[in-house]
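Annotation comment: TrEMBL describes 12-30, 42-59, 88-110, 130-152, 199-224, 244-269, 281-302 as transmembrane segment.
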Amino acid sequence: MLLDYQQTYAHVTFAFSIFTNCLLLSLLLFRKDRNLGSYKSLMFAFSFLGLFFSIVDFLNKPMVHIYGGAYLVFSLNSLGLPHFLANWFNALNCSCYGMTISLLAVHFIYRYLAVCRPNQMNWFMWPHTIVWFVFCSEISFEWWITAVLYAGETPVIDELIKESMKTNYNLTKREFIYASSLYYRTNEKGEKSISWPDVLFAINIVKLIAICMTIVLFCGISTFRRLRTLRHTSKRTTNLQQQLFKALVTQTLIPLVTMFLPAAVMMVSPMFEMTLGPYEGLIMTVITTYPCVDPMIVIFFVKDYRQALWQTIRCKRCLFSRETYSLRGTAVSFVTEPN
């Protein structure tokens, strides 16, 4: 039942993610939003990554199993790929996760510079933007290559999980592939010891998450404080302050709940040899929800995108109309106006 639920949910999130990301891409392409500047390119990158992440997740349909000091990210290999290619493709899910959190960190750096250090916004203009491309690509590739090289299948883990996978998912080893870490190993005498290669692999993953999470928290908190201390002299700038504050709160909390927290549970639980039972199915379910939700956050907080969508629903204006909208209250850089 759990397996069927996760497979069904993968179809639902895929369809919803394709819809929301294509909707945002359409708004970015057809709306004239001059005030967004280089932030528009960053939103394009988010939407394209969301689409790619959703496609990879739909084709791979990864699931999580935690048992006996090990965690598995496993897949049924629905594409029927050769075994080694299936493992590489499974690792691509880890790569997409790394790319997503690194791009999220870049998003917050942009917000921080736009609000707190607008004189340094040239870092998001060509050719300086190549720095962010290298940053995201390096983290994404590191996640992929370490998953391929250090989290591969082993006879020890095969034997450990054989009965558990049969009991919980009614799967035999030939029916799935996986990436895994086993924190404790038992020798021939029955003595248990820490598997340091697996621990170091986990530390490397936690390190990458911690770097991105630190950037998100630092930039988010700094931007909050800056917005609170600014004194506004017009209704327009007051509205801008409120919308940016709400957007930043939402875009901080949702990734924490949908990306960082599930990953932490998956990495930490095996250290204490905890099993989550049917609740382990929620880990990948929650993580794959993020690409669906993120485009809707942007549409909701960008006033003119929200209005364009609402007027289209009410059949008052075509969503793809090129009529100019003023993005009042949604500009990314903060500029104080005189009375």
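Backbone N, Cα and C atoms are what each Cβ position is placed from, and that goes for glycine too.
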Tell me whether the transmembrane segment (42-59) sits in contact with the transmembrane segment (281-302), defined here as at least 3 Cβ pairs under 8 Å among residues 6 or more apart in sequence.
yes
With the transmembrane segment (244-269) as the reference, find which of 12-30, 88-110, 130-152, 199-224, 281-302 contributes the most Cβ pairs under 8 Å.
281-302
Quick one: do the transmembrane segment (199-224) and the transmembrane segment (88-110) reach 3+ CB pairs under 8 Å, ignoring pairs fewer than 6 apart in sequence?
yes
Which residues, given as numbers and ranges, are at least 6 beyond the ends of the transmembrane segment (281-302) yet have a Cβ under 8 Å from it?
2, 5-6, 9-10, 13, 16-17, 20-21, 23-24, 27, 33, 43, 46-47, 49-51, 53-54, 57, 62-64, 73, 97, 100, 243, 246-247, 250-251, 254-255, 257-259, 261-263, 265-266, 309, 327, 330
By Cβ distance under 8 Å, which residues at least 6 away from the ends of the transmembrane segment (88-110) in the same chain are close to it?
38-39, 42, 45-46, 49, 52-53, 56-57, 59-60, 62, 73-75, 79, 81, 124, 132, 135-137, 139-144, 147-148, 151, 177-179, 208-209, 211-213, 215-216, 219-220, 223, 251-252, 255, 259-260, 263, 287, 290-291, 332
